[in-house]
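Inspection log for the structure reproduced underneath, given as structure tokens.
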């Protein structure tokens, strides 16, 4: 098969097409395709030969962006089997077959029906086959070929990262690299110059330049000064086709800012300054500002101000405000117009961050002279001292002079001064001051032991101008006088053992004095000389502000005397000396052999009876145990009784014990006490009242004459028989106990048991007059009397 292509758009392409066609005619001409044949040679075996392929391929090319009215011719397919009679049919399959690329199935001509874009798809892979039109059988095997989209210059270069913002230090050397820009071209870089980009500068000369091949932007001038111009806008163009005429181009903007370097020294606008400061300015306050200008910015403009010389360097100080870069002038000492009316200062301002590359532009500092004029103002009076300390004795009379303060008008007018005390606290009311002389006097009698120190504030003002006031603190110390006698330091509990020996120290006492050490540092101890001789105790002055109490006799007895009183006289060493008398109470106690106190006072009586502490504890323990037993017994007596009748379901044998005291004479329901105590009183059978019998047995009749002759044993047997025959009793054995007192005496019974069966003529109405305590008893006997009457 032969391929023919006529896609040529330029002289070079025409030549290529011509070479392609000539080469195809020379090498890809009609090639016969023969079928497999068998050649019979005499004397040789049959030989099979492989057929030669009839397809010879080259690449097809189609121009992109074809805008013609007719489909663009791509090429021609031809098979050696094609005799021109239309028996061969060409079939095209693959990418774009039938839509983008169509083929004439008879001639094999291929056309492109759409405009193609190489930047979207660079080539198409298709398959060609020649078949017999009548039989649809392939004449040759299917083969693959490629149609490449041939590039044209239809895309301009683009800067994908623009616009750019970049900085470069000022004063940089010429040729300093600033930035490299890159433009991209979507055309085919392997075909022609469509993607070959060249850079040029459209705006920004003569300050900057650009390399046409690499796109590197560089500085084009020496010492570009930021203070002269800071911002630059540079426009860079990228053009394809190697910059030739007809090439496409794109541009971007590069904004370049010069950054600051310390290339400018500070400068004061003036060489001489003058400042007015009133003499009333407070120490530590700011009195003025000064500033040196620096064309640099940021840290390159930071500076420090100093006072390098001048007669006011000790009176004024200067500091730097880091925000405003100003020098703040402050006052170190108070000003006095009357003493000095002006000062001169030399102030230097210097950069703190130096760049030694530009040291040749220095020095990076400047000096100016500042003259300070002190202004005269009307000042308040000035005290001769910053504070005063005065003294006065306690107990001094009211009006005693304490001291004098002095103040003067510092102005040249020297006006008169008036003094007064600021009554801001209670202490200020304890003193008065002479308004003309400043003499301070007492206004009360002071007690040093109560308050040893007073602080007051004295004010002074000019008579002509009372608003100008100055103050001074005055401390008044209250001096001590010997007005407090000494006394014992505390209340002593003195104990002497019964077995003490003569001369034994039983207590050491000390004294205290409210006065200070000058009037009470040395104390003297002695017994009161006005009293008679003490045979029991004596006192010894240790001459160290202490005294010892000593015994005089060998033994002491608590039974004879258990407390002694010893008067002690104490005097101080003040002028005049003061003394006081105190009485020590000495107790007599029983002690161990080593001197430890065993017991005192009330325990002595128990000891005399022979009872020790252990015995007392044992007695108390026994009493507690007895009380516990009594309480337990009462609790058991008051506990709840068990019920007489047990559940009918319980069929076990039980012994029922009746331990009920009964309700007294008033209780006649549960038991017939008369029948139990006296057999002769049992006239008839008594039934239990707590249960209801279902069947009553026939009553038994006994002649009344035989009741007195019934024996106790026979009575008990009779009661036992009645219990056995009684159907109302519980269905289990029971034990009934009968107590019998015996026959009545001839004198009759004094018991009240028979009162229910005998008559009494006694009247019990008087019980109602006995009060509420006997109300229940009166009601009881009242009911009995009513029943008897009825």
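Heads up, the Cβ atoms here are built off N, Cα and C, so glycines get one too.
Listed features, source TrEMBL:
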- 1-24: signal peptide (SIGNAL)
- 79-159: domain 'Cadherin' (DOMAIN)
- 160-268: domain 'Cadherin' (DOMAIN)
- 269-383: domain 'Cadherin' (DOMAIN)
- 384-488: domain 'Cadherin' (DOMAIN)
- 488-605: domain 'Cadherin' (DOMAIN)
- 615-636: transmembrane segment (TRANSMEM)
Confidence summary (mean pLDDT) of the domain 'Cadherin' (269-383): 91
Tally of residues which DSSP labels helix, strand or coil - the domain 'Cadherin' (79-159): 0 helix, 35 strand, 46 coil
Per-state residue totals over the domain 'Cadherin' (384-488) - DSSP helix, strand, coil: 5 helix, 47 strand, 53 coil
Secondary structure tally of the domain 'Cadherin' (160-268) (DSSP, helix then strand then coil): 3 helix, 45 strand, 61 coil
